[in-house]
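Participant: Have a look at the structure that comes next, please.
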């Protein structure tokens, strides 16, 4: 019977950010610019790290992987949202909806764990500098990135395994611009209280563990930096401030989400936009504007590109 019910819903209707036609056209332009900037900015960081040998270090290897996740995070739902601004019927297939749920939690979970890996990298660099290259070897960095993706995939699969077989027998309107898991679960034709608790526990535990690890790491690092009286202290603080800013911007909205996990607020849509559009754009800005090495490498890359054009 559940299988029959599920077949009744073959697509979901995305209510989007606004019903105003004029506002939708304005948002189409705005989010097209933001999406393009996010993809271009993160792609530029990846290209810069790959091409400049001075950036072939553990910190920049992890940073380039964060940029790759940000490109994925910006792409899983934003292009559809942008195209939906020009469409009268904003629908998504059942498979498309499940795919969005899967990728959202893969990229979100992977980014949380990768931020912990980046904090660990800074901890080793500042607290155990003599052993840095031994501990943070290329193999160790690859393992850290692999673990972040593995945890993200397992985290997402644990959500999807019970969501995909829920009986959807009628209501199919999702009050967002993508398939948000709590909103989709509420459309199922059964009592979803236990499932809601499972979702909250799964995502909440991963977020809490990562946040506590980050809090402990940066507390130890800041205490160590405070005790040091070397010339590299200001440089270390500059790097740390960029990392901490990203952590605050990423986990700050999560705190609000988990305070009222299954209540619908207007601000929920803003938080969704923040995660999928603004965070991928802010990360490259934060890391490049405060990082002298990356800025110099980008200038070098630009000069090489301009020089090759002039030679032609």
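Just so it is clear, glycine is given a Cβ too, placed from its N, Cα and C backbone atoms.
Okay, these came from TrEMBL:
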- 25-47: transmembrane segment (TRANSMEM)
- 41-287: domain 'G-protein coupled receptors family 1 profile' (DOMAIN)
- 59-78: transmembrane segment (TRANSMEM)
- 98-120: transmembrane segment (TRANSMEM)
- 141-162: transmembrane segment (TRANSMEM)
- 205-225: transmembrane segment (TRANSMEM)
- 237-259: transmembrane segment (TRANSMEM)
- 271-289: transmembrane segment (TRANSMEM)
Participant: For the transmembrane segment (98-120) and the transmembrane segment (205-225), decide whether they are in contact, meaning at least 3 CB pairs lie under 8 A, counting pairs 6 or more apart in sequence.
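Facilitator: With 3 or more qualifying Cβ pairs, these stretches touch.
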Participant: Near the transmembrane segment (25-47), which same-chain residues lie under 8 Å Cβ to Cβ, leaving out any that are not at least 6 residues past its ends?
Facilitator: 17-18, 63-64, 67-68, 70-71, 74-75, 78-79, 81-82, 85-86, 277-278, 280-281, 283-285, 287-288, 294, 298, 301
Participant: Over the span of the domain 'G-protein coupled receptors family 1 profile' (41-287), how high is the average pLDDT in this prediction?
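Facilitator: Summing pLDDT over the domain 'G-protein coupled receptors family 1 profile' (41-287) and dividing by its length gives 86.
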